[in-house]
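Here's the structure, in structure tokens; my notes come after.
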Amino acid sequence: MATHKTLLMCLGLPLFFPGALAQNHAPPGCSPDLDPLYYNLCDRSGAWGIVLEAVAGAGIITTFVLTIILVASLPFVQDTKKRSLLGTQVFFLLGTLGLFCLVFACVVKPDFSTCASRRFLFGVLFAICFSCLIAHTLSLNFLARKNHGPRGWVIFTVALLLTLVEVIINTEWLIITLVRGGGQVSTPGNGSADWTVTSPCAIANMDFVMALIYVMLLLLAAFLGAWPTLCGRFKRWRKHGVFVLLTTATSIAIWVVWIVMYTYGNKQHHSPTWDDPTLAIALAANAWTFVFFYVIPEVSQVTKPSPEQSYQGDMYPTRGVGYETILKEQTGQSMFVENKAFSMDEPASAKRPVSPYSGYNGQLLTSVYQPTEMALMHKGPSEGAYDVILPRATANSQVMGSANSTLRAEDMYMVQSHQVATPTKDGKISQDQSPKNKTRW
């Protein structure tokens, strides 16, 4: 008998060795000591896991950097209307970051924890993003019509309440589905019956999609709510409505594709192994749609001032008023229509900006002969004509029309010598009264 048992064991060992080797065999690119649950993250024969892992990792880094930029730009936001939306936009970025992280749960092989996180977080994270878009469109509708919208905490509360509805729905659905899938068993030694909980991976694809009806309604509401912002009176808010419209339209296309593939396409082609890649691709594609079509444009617009603030900056300049400012103001006055009847008598130099120091010729005032009234009163009536002291306009108009406003002593002497040579009405010749020969008082 012992000989027969030994012979059977020797014949049966080759039959069990291939199965044992197959269980311990690791795919190319993975370590033999690695848990088989994570083979898709390093399997080079099926590259979809590695590609999605790289795409999701890049998305996590990008979203994290954009979140830091958005929070750091808070002190530089001049428009109070845009500042009130920063809390909702940061909440949106956290939801997008969660979508990129959930891609890894869809890449690894299913077990109880990964399937539970997929079923619960898939709808909750999308509800966060779509609720923030709805709250943003609600604010944009007020801004596009009245140029003032709700306060920031009101917008954030709307997004938070819409998200909590999906949290409640998913929690109840997951509990009811898992308990309903189990059977009723009796506990030994106890008269009551207990309910066994089935695995969340056993949930049908159609049931999973039906649980996302509320999320689809949020997506549709965000898409329809973005259209009225394009018809508002204040046009500067239209571009924000365009950002939301592009994001929701692309998301609708992605959701239609992955739902058709998840519920119909994979069954028709008899490839249920593509269920997990379908969910992972949908998550990564929709998350990058949020980043490219909504987050990056909004971050680039958040620090731009409003037109009202730009107008106030032009009305009240902060720089000082100097000589350059005066010249600019004089140049700006040329845009008005002038009366040409008076502009003909003005010299051409008056049309150019004149420096305040252009009238100074470098001579001191002591060289100018200007007798005071007291000196004339003490001196008495002069022998000469009054036009010697107060010269009239003569042929020498070049002296009077010069840029200097005072007469020089040499010019006065030339006028007096000209009048001395002219006989007076009494037939006498006026004496040469040069300013140099007069006694000073």
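For all residues, glycine too, the Cβ spot is worked out from N, Cα and C.
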Would you confirm whether, in Swiss-Prot, Ser84 and Pro305 belong to the same side of the membrane? yes
Check the candidates Asn190, Asn404 against Swiss-Prot and report the one noted as N-linked glycosylation site. Asn190
Record (Swiss-Prot) lists phosphoserine for one of Ser271, Ser434, namely Ser434
With the cut-off at Cβ under 8 Å and a gap of six or more residues from its ends, the chain residues touching the topological domain 'Extracellular' (23-49) are 104, 107-109, 111, 114, 277, 280
Would the transmembrane segment (208-228) and the transmembrane segment (279-299) count as touching if the test is at least 3 Cβ pairs under 8 Å, pairs 6 or more apart? no
Using DSSP, what's the helix, strand and coil tally for the topological domain 'Cytoplasmic' (71-84)? 9 helix, 0 strand, 5 coil
Excluding the flanking five residues on each side, which residues at least 6 beyond the ends of the transmembrane segment (120-140) place their CB within less than 8 Å of a CB in that stretch? 84-85, 88-89, 91-92, 94-96, 98-99, 102, 105, 149-150, 155-156, 158-160, 162-163, 165-167, 169-171, 174, 208, 211-212, 214-215, 218-219, 221-222, 225-226, 229, 237, 240-241, 244, 247-248, 251, 279, 283, 286, 290, 294
